[in-house]
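Undergrad: As annotated in TrEMBL:
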DOMAIN    613-778  domain 'SSD'
TRANSMEM  256-289  transmembrane segment
TRANSMEM  350-368  transmembrane segment
TRANSMEM  614-635  transmembrane segment
TRANSMEM  647-671  transmembrane segment
TRANSMEM  677-699  transmembrane segment
TRANSMEM  720-741  transmembrane segment
TRANSMEM  753-778  transmembrane segment
TRANSMEM  1091-1111  transmembrane segment
TRANSMEM  1118-1137  transmembrane segment
TRANSMEM  1143-1161  transmembrane segment
TRANSMEM  1182-1208  transmembrane segment
TRANSMEM  1220-1243  transmembrane segment
């Protein structure tokens, strides 16, 4: 046995730099403060007894006989100190740390050093203490068995570092864990460049003798083996051998194919072909039947050839249902007739009462509240995600607010750094140019100095920022590459060299720091501490492809404190954010392109978007108002323009519509129900569509009517109202009931819209049959007196005793051209074929409609947030954090409770941490990107007696930080077998607060204050642990589908953890929480909610239509079928036009259901009350009488207003309002005015004989009898 190196003396006072040869050139003074061994050749020396405890603790394999070793007590103490960092990160896997410490024990103390060590470089040294000349070792070779190195690496490669969500070797290897291997790991540990090795140790890897050295090839322990009889093997999380094979994600579901094509396409194509075959076979069969009976080919195929129940001479008895329907219809007609006559006779009281009612309702708008918070808009307070968010916020505090910059240098080019004296060239990206970094530091400092004012207080970043080490360290967290340079100009500019070469500068320091940020110091040439100024571990702040030096953009993040129920503090943060936005917007630097966002940016931009689109919406309404005012009048000549026009009446009708909207807002404001922007933007459009349609029907019916002999104006309007009001009641009441039932939805946007829309439509109906009827009577009296419109005091000529009836060009077009052409025998099959084809296509593609809402669509085109969102997905490839929260109720002080949660040695293989870790192994499926940070596992590592982390003053029992040098500080737990066990019971709670208050430092990187201070919630006066969380990150999420899937998978994982922990029947559980869940939860049930809402609306429309059509069930079914076709075709349009399904589009679908009633109900009711002889004739009459009013009313009015929306600056307006509104109007008009009349001509309900006879009696011996039957 012989020693090569022994610390017989010290060449200089102890320091932190590595050894440097005096011939290396000028070096800083700090580089001379180093510690290294003196060369010694001789036999091992017995260790003093005061070192026995250290030897047993560190190198028990060398503790035998008289403990003759090649080291002394001081060197053992130095070894222990230097192993603290690896101990804290690797000791969670005992066999890993056993192998590692074996490596260093053999190097430091082995009595067989001469076999595997070779001194290759020394320097002379004069010891001033002993006054002797000695030789100090500055370099040696260490022959390590290759099998030993590989075994040591294999035992350690899977060990996790919970606080960093990474492998431990990623922190200790000098590079990413995936690039680490046995060779480069040991080389890094022995390199003087790591800041902790005092001199160069050159490892030589070989299993055979090399250069006269035999390899150190001690026995190793695999991670699946125990190191002693007390500890077990490493946990599954830290040892893949314990886990077995890596879990494999289930295969993605195979696409449903038939004949190699999408199954829905094939099925719907076959169904469509089958329909056409059957349909045309029936048409051909009827045609043959007609020819066989020698019936004229001009006779409609369904005109009841042999016998017609529609004939005036039909003596068949009406059924009970028909009589009931006729009585109900007659009751409605007489009621509205009397009411209409009353309103015309008493216009002033009716109008005055209407104004008082409007004023009373609108006064509630004084209490109006508008909800702009995205959380309140899209997430129900009773939803699971909302409850979980509230639980998280109340127990751990809300997630911090994020202010972020993405900085590019468009005018800079990549440059090459050539290391001196040797080394491969290293490319550096444009933003890592020193001049650019200077300018970025200028910007960063300027942001830190931004001053805002709130409530006469000055607010700066330091007042609102996140400071995780406070109160011991109040520096703000700023996630920036400049943290590597201590945010210092002088450090960034520091370099070492001579007049010819630069040995080191910011390039070398950057290359050193980014893979090894846990190192204490850089090369002695630069001597820069690598830690950031706010905590031990920097977070991601630049985006690259693979190597950080290739960065194309810098990301600087300023986390700001968020507050729960602390309005004053929150307003201070908002005030600073406002100044931050203003500052960055106005920041001028031609060398930097800055994209940025603040926490308040999206809400601010949504509000700005709403304000900026006010002009577009107002122009849209103005176009509709202008059309309505002009189109209502029938102008006979230019001279009578102001007499025959209905401008005043049109404006009054529009004001009535808007008043109904205002009344709805006021009524619900009385009850404290807040408004949303969706309500303000959508409901006026809806109610205007409904109200305008009713106005055109009433006015145009009067214009086409001829006053009967002896009939007064009030009776004429009453008679007209009796005819059309049931149809208006049918549509309005159907829509009202459908909308009110829509409040059953769990989606806040849909529920609020339905509530306000239902009330607005109902009030609009009431005002139209009261106030508008009275105003119509006044306007007709004005016209009969030849008084001008608007200028009612001026007469236009001779008075007319009555207003002559007239037929508009549009009515004549529908009557003489359109209706007959549409209902020709050859045209009707084509129409049915085309519309059924469109329906088949829409069904085939409905399931392909995307779900979600791209966040960028909610921004104006000119928003600064648009650039930020674009570059965010391009440059920052990091997923959002996700917290697995274990609710209050779990026992952490018992061994069983700990094993159910932790992930280290002895923990259950299906524990909480282990299951999340397993999920991270198949991240492409689970979308969990990293193993979880586990406070309990780090706590167990921190409290180990072998570690220097947990210490207390022996006099007071108070916590003593690892950085404190004080002889009165002692271990928290004894270095005994029991002391090495996990703390339980009182011990667990005794030391946990110390762990959570301990700041990480170079001597103890496991301090939990920075990483876990908010992760543990104490209860019962800090005597027990309540709710806790375990944080990890999702994978990169870019699309709505990614976010939805991530949330769905996280919930599945959490539910499985709850079940396997056996706490499913208890009052607590595990749930996942991430900041985006409240926004995306709606999409988990959006399909079900859509089907529910639309089915409820259709069902209510069917029931109301059945009753108000006089119990005409088949007619109601026709209306419902047509509306259902419109809705299905809306999905087809959504797929074609890339409109996703979300809360906004669902509101529009519910609204389209209501608007479709306007297109369908009036024509259907006109068909049911028609007394013509055949279905074709009845369909033709219904189409030209009601269809023309529907077309000139809702269709043309809406079309003019919709076109204006195309010019909106907002993408959400262009996509969800312009496109969907246009689709619903076009589909509604085509189905209501083309498909529905044709379908009624084929399979419409037979005429109600009771209604026919009642009509015959009512119009007997009048001119109307001739119009109806001849």
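Every residue gets a Cβ built from N, Cα and C, even glycine.
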Undergrad: What else in the chain is close to the transmembrane segment (647-671), if you only count residues 6 or more beyond its ends and a Cβ gap under 8 Å?
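TA: Here the qualifying positions are 357-358, 361-369, 625, 628-633, 679, 683-684, 687-688, 691-692, 695, 699, 755-757, 759-761, 763-764, 767-768, 771-772, 775-776, 779, 789-790, 792.
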Undergrad: Under 8 Å, at least three CB pairs between the transmembrane segment (720-741) and the transmembrane segment (1143-1161) (pairs 6 or more apart)?
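TA: The transmembrane segment (1143-1161) and the transmembrane segment (720-741): touching, yes.
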Undergrad: Counting Cβ pairs under 8 Å that sit 6 or more residues apart, are there three or more between the transmembrane segment (1118-1137) and the transmembrane segment (1220-1243)?
TA: yes
Undergrad: Could you give the residue numbers and ranges of same-chain residues that sit at least 6 residues beyond the transmembrane segment (753-778) on either side and whose C-beta is under 8 angstroms from one of its C-beta atoms?
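TA: 336, 339-340, 343-344, 346-348, 350-351, 353-354, 358, 361, 649, 652-653, 656-657, 659-661, 663-665, 667-668, 673, 675-676, 678-679, 682-683, 686-687, 690-691, 694-695, 698-699, 702, 713-714, 717, 721, 725, 728-729, 732-733, 735-743, 745, 1147, 1150-1151, 1154.
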Undergrad: Sequence-remote contacts (6 or more beyond its ends) of the transmembrane segment (1143-1161), Cβ cut-off under 8 Å?
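TA: Non-local partners: 377-378, 678, 682, 685-686, 689-690, 693, 727, 730-731, 734-735, 738-739, 742, 747, 749-750, 753-754, 757, 761, 853, 1082, 1086, 1089-1090, 1093-1094, 1097-1098, 1101, 1105, 1119, 1122-1123, 1126-1127, 1130, 1134, 1190, 1194-1195, 1212, 1216-1217, 1220-1221, 1224-1225, 1227-1229, 1231-1233, 1236.
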Undergrad: As a test of reading the model: what is the averaged pLDDT for the domain 'SSD' (613-778)?
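TA: In the predicted model, the domain 'SSD' (613-778) has a mean pLDDT of 83.
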Undergrad: Which residues, given as numbers and ranges, are at least 6 beyond the ends of the transmembrane segment (1091-1111) yet have a Cβ under 8 Å from it?
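TA: Distant Cβ neighbours of the transmembrane segment (1091-1111) are 321, 324-326, 328-329, 332, 726, 729-730, 733-735, 737-739, 741-742, 744-745, 750, 1117, 1119-1120, 1123-1124, 1127, 1146, 1149-1150, 1153-1154, 1157, 1161, 1164-1165, 1168, 1248, 1251.
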